[in-house]
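**Student:** One structure, pasted below without further comment.
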Amino acid sequence: MWLRRKQIVRKLTLGVVTTMLGMSLSFSALSATPVETHGQLSIENGRLVDEQGKRVQLRGISSNGLQWVGDYVNKDSMKWLRDDWGINVFRVAMYTAENGYIANPSLANKVKEAVAAAQGLGVYIIIDWHTLSDNDPNTYKAQAKIFFAEMAGLYGNSPNVIYEIANEPNGSVTWNGQIRPYALEVTDTIRSKDPDNLIIVGSGTWSQDIHDAADNQLPDPNTLYALHFYAGTHGQFLRDRIDYAQSRGAAIFVSEWGTSDASGNGGPFLPESQTWIDFLNNRGISWVNWSLSDKSETSAALVAGASKSGGWTEQNLSTSGKFVREQIRAGAGLSGGDTPTMPTEPTNPGNGTTGDIVLQYRNVDNNPSDDAIRMAFNIKNTGSTPIKLSDLQVRYYFHDDGKPGANLFVDWANVGPNNIVTSTGTPAASTDKANRYVLVTFASGAGSLQPGAETGEVQVRIHAGDWSNVNETNDYSYGPNVTSYTNWDKITVHDKGTLVWGTEP
């Protein structure tokens, strides 16, 4: 059950967004911006939700250091990123050291320019206090408190502002020793002026030690913990840390990642990057790529000399930039991206009547003998008339191996987990691969599926009634190698009781 705190609902004065001819754009003068759609963000049960209590995932890009390539941070470039790339969040990286804010406090004016642009464009913005070579955030704690007091005073009523108060603590700095005490003080400073905008806090070892933060979380309810990775350097061990942190109820935000190795060069490591992006998207974890710049490094999104104001063609994008743009566009549902929901035809279409419904499936968990069945599906309306979602029934067939009962969970749903209802049933004729099914239905609040539209991902997790391990290899609906969305006829869909997709066992 989703229990929402009372929230201060605040509005931005948003400019009218104009369309650009010849482009496939995410917004027009008739459609809502990300902030209009989601409003005030908060944390509930370790997940990022909008003001309606629906889970939301932010995807975007970060500037590089303002002292070096700050000219790329302006309203025109951010508008292009919103309209052509589909970003819903932008991160403005203000270094503290390395000729950053400490030596040049006027860089705060570029931060304010970026926030004003984000307010006008209706996108979320992360104000990043970019500690790095200074190792310990306490080195400039006094300056951080002054800076964030000003930012919170200016933007405490703007629901699109997010504060990142310690980019990458490193060296001998630990969560309990230095970072958490620092974060407590800076959070208090922010909360004295802004009661509820999100705060992101880094962890030790360049924001990799989120397991330490998860074990001793901050008391502020709207705090997320940053994890940073570079695909050529960091792999499964960090993904395992994310799973651990989430199991402890910690909210995770990947506020910086790159397609390169940790130096910013090498690669790009695109297969490794795709593994990471699939992992984050599967768990609904927000992410921001490094970086919007034309610097001579692999992780830069632009080639040397690219325009400072957007309008970039493919020739203006680096290999990394092309990949990241595709990933963001896919998440925003724009054409031309490498969309994870692009179907492949089933090898055995089956005998069910497809009608105007297509169901796509992917296996979320590659271990068929752990303690859970984890599956995800997406429904498409390929017809010409709207389909009322509450009329649909999705059935996932399995064999319970003699274990009674079931514990069912909705881990993710684009339509909102509160709009998904789960139960179990028994097929008319049991087989050695199917003596039960999980029934997934939609509440009336899910609305209708318009022609050409999709429900987006629904993730369901099924445990045996006694929480023992399961054996999925003999389950009718299980696809062991289906790790990306595929049209799947072994899960059925009924519309008002009539089979419209799939083949029953």
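The first residue you see is number 1, and the count goes up from there.
Every residue gets a Cβ built from N, Cα and C, even glycine.
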**Student:** Among His130, His399, His463, indicate the single residue that Swiss-Prot lists for the substrate site containing Trp68, Val69, Tyr95, Tyr230, Ala262, Ser263, Trp290, Lys295, Ser296, Glu297.
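**Tutor:** Between His130, His399, His463, Swiss-Prot records just one in the substrate site with Trp68, Val69, Tyr95, Tyr230, Ala262, Ser263, Trp290, Lys295, Ser296, Glu297, namely His130.
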**Student:** Please give the greatest C-alpha separation between any two of the substrate-binding residues Trp68, Val69, Tyr95, His130, Tyr230, Ala262, Ser263, Trp290, Lys295, Ser296, Glu297, in angstrom, as a whole number.
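**Tutor:** Taking every pair of listed residues, the largest Cα separation comes to 21 Å.
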**Student:** With every protein chain in view, how many other Cβ atoms are within 10 Å of the Cβ of Glu256 (active site, nucleophile)?
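**Tutor:** The Cβ of Glu256 (active site, nucleophile) has 28 Cβ neighbours within 10 Å.
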**Student:** For the C-alpha pair, I'd like the distance in angstrom between Ser263 (substrate binding site) and Glu256 (active site, nucleophile), rounded off.
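**Tutor:** Just about 13 Å between their Cα atoms.
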**Student:** Sorry to bug you, but what's the C-alpha spacing from Trp68 (substrate binding site) to Glu168 (active site, proton donor), rounded to the closest Å?
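**Tutor:** Cα to Cα, Glu168 (active site, proton donor) and Trp68 (substrate binding site) are separated by 19 Å.
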**Student:** Which residues, sitting 6 or more apart from Tyr230 (substrate binding site) on the same chain, put a CB under 8 Å from its CB?
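**Tutor:** When sequence neighbours closer than 6 are ignored, Tyr230 (substrate binding site) has Trp257, Gly258, Thr259, Ser260, Asp261, Ala262, Ser263, Gly264, Ser299 within Cβ distance under 8 Å.
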**Student:** For the C-alpha pair, I'd like the distance in angstrom between Glu256 (active site, nucleophile) and Trp68 (substrate binding site), rounded off.
**Tutor:** 18
**Student:** Out of Glu168, Glu297, which of the recorded positions has the smallest number of neighbouring Cβ atoms within 10 Å?
**Tutor:** Glu297
**Student:** Return one of helix, strand or coil for Lys295 (substrate binding site), based on DSSP.
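**Tutor:** Reduced to three states, the DSSP call for Lys295 (substrate binding site) is coil.
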